[in-house]
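Novice: These came from TrEMBL, pasted as-is:
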ACT_SITE  His180  active site, proton donor
ACT_SITE  Glu308  active site, proton acceptor
BINDING   Asn80, Arg81, His180, Ala181, Tyr182, Asp246  beta-D-galactose binding site
Amino acid sequence: MKIEQFPFGMTTDGQPVTRFKLTNDHGNSVELIDRGATIVSVNVPDREGKLANVNLGFSSLEGYLQRHPYFGSTVGRVCNRIANGQFSIDGRQYQVAKNLGAHHLHGGLVAFDALMWTAEPIQTPSHVGVRMRLVSPDGDEGYPGKLDTTVEFTWNDDNELAYAFTAQTDAPTHLNLTNHAYWNLAGSGTARTHIVTIQADQSLEVNDDLIPTGRQIDVAGSVLDFREPQAIGDRIDQLPETKGYDHCYVVRGTPGQLRSAALAVDPSSGRTMEVLTTQPCMQLYTGNHLSGQADAGGFGQHEAFCFETQHPPDAANQPAFASTRLNPGETFRETTVHRFGLA
């Protein structure tokens, strides 16, 4: 296994961006950049041994410097939605950025996906990787507390891409980290033919703005039912309001323990991707708003899907949900693994 570093251009304020290439002993590779702690590419073989990049992204930094659909980005402080961009902690009300109409999405206007992280390569006998760190100051995008966050990406000979988050704060705050990678196991074309299984019996009910109501609903027999293998496209047209899937599932098992959350299979190439996580939930998003334009990398609607492992959206305002509150003296720890294989 080896790790290589290459220059990837300069940010608009003159900071150099580095591309890290992690290659295992089979010649399969992952590429990362330190802007946004971003997954740029994942190159794995099909059933005939042909490599293809199965992760949506850009070939140059310019794509990432524009407002893009969070391709491969680490998202925080709080991923997904916060209703009205408001929450209270110990009786004090906080207003965070409203960047989705009346609501807060994926950390705000200039969030973790758009910031430079410090990065260092790591290598052990079992994996190669990159450890990235970001210190978010008190008041960043309206959030309280100075937050020190680390994400450690690793890649091994079993074609497992893992990212492990840790974070600490000096004042009570809210934190919900994910990676927003978009996947197409065929390497191109529609993702509607991908076969998906999700280890969840319930999803979170949402209103018209995709804000959770606080209720968990059974998926059995509904358009959201992926308990058995189902093509993404089989029932996607039953969701015209959202133009596809954009729903949060409650993963079976015990949060905090690494367990299987979902499996995707591309019948054409034979590639598979199993996602394991310690997180309580996973958002299935099917690239409903990919426009086919340059700011979407030329990718069109439903040409990729996301398995965004996370805590429940709007948990800061939903006392019945798994809490996203982080207090001084506590350490946030969550791990997700993408295991690539062949059917």
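Every residue gets a Cβ built from N, Cα and C, even glycine.
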Novice: When you tally the Cβ atoms that lie within 10 Å of each candidate's Cβ, which of the binding-site residues (Arg81, Ala181) has the highest tally?
Specialist: Ala181
Novice: Asp246, Glu308: which of these recorded positions has the sparsest Cβ neighbourhood within 10 Å?
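Specialist: Fewest other Cβ atoms within 10 Å, among the recorded positions Asp246, Glu308, is found for Asp246.
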Novice: Of all the recorded positions given, His180, Tyr182, which residue's CB has the most CB neighbours within 10 A?
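Specialist: By the 10 Å Cβ neighbour count, Tyr182 comes out on top.
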Novice: If you measure C-alpha to C-alpha, which of Arg81, Asp246, Glu308 (recorded positions) come within 10 angstroms of His180 (active site, proton donor)?
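Specialist: Matched recorded positions: Glu308, sequence order.
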Novice: Hey, how far is Tyr182 (beta-D-galactose binding site) from the residue listed as 'active site, proton acceptor', Cα to Cα, in Å?
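Specialist: Taking the Cα atoms only, Tyr182 (beta-D-galactose binding site) lies 9 Å from the residue listed as 'active site, proton acceptor'.
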Novice: Cα of Asn80 (beta-D-galactose binding site) to Cα of Glu308 (active site, proton acceptor): how many Å, rounded?
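Specialist: Here the two Cα atoms are 9 Å apart.
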Novice: Taking the Cβ of Asn80 (beta-D-galactose binding site) as the centre, how many other Cβ atoms fall within a 10 Å radius?
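Specialist: For Asn80 (beta-D-galactose binding site), the 10 Å Cβ neighbour count is 27.
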Novice: Work out how many Å separate Ala181 (beta-D-galactose binding site) and the residue listed as 'active site, proton acceptor' at their Cα atoms, rounded off.
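Specialist: Roughly 8 Å, rounded to the nearest whole number.
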Novice: Distance between Glu308 (active site, proton acceptor) and Asp246 (beta-D-galactose binding site) at the Cα atoms, whole Å?
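Specialist: Between the Cα atoms of Glu308 (active site, proton acceptor) and Asp246 (beta-D-galactose binding site), the distance comes to 10 Å.
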